[in-house]
Amino acid sequence: MKSLLLLSILAALAVAALCYESHESLESYEINPFINRRNANSFISPQQRWRAKAQERIRELNKPQYELNREACDDFKLCERYAMVYGYNAAYDRYFRQRRGAK
């Protein structure tokens, strides 16, 4: 019985020591963590923004066919549900291939 009491006291002390909440994590040393709208994108140069837009356009133009099929299927709810069971290729074939005349 004494060992059980001693064990429970040690467990309570361990829980109290491990669950101590420090208020330091709640404090912020910054006066204002937000920046205004003018300075929000000032850390990215205009050339980097242009390069990112150009790369995005290239990625959009060079998408593989299965990705284009998947995007078309995602916009149509029935096709998306069918794809969850049978896969995107089967769903695209069922809902879109017949409309375009391909077999």
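Note that Cβ sites are derived from N, Cα and C of the backbone, with glycine treated the same way.
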Among Cys19, Cys73, find the residue that Swiss-Prot gives as the disulfide bond partner of Cys79. Cys73
If Swiss-Prot marks one of Glu27, Glu67 as 4-carboxyglutamate, which residue does it mark? Glu67
The candidate from Glu21, Glu30 that Swiss-Prot records as 4-carboxyglutamate is Glu21
Which residue, out of the disulfide-bonded residues Cys73, Cys79, shows the minimum number of other Cβ atoms inside 10 Å of its Cβ in this structure? Cys79
Go ahead and report the DSSP secondary structure tallies for the domain 'Gla' (51-97): helix first, then strand, then coil. 41 helix, 0 strand, 6 coil
Around Glu56 (4-carboxyglutamate), how many other C-beta atoms are within 10 angstroms of its C-beta? 10
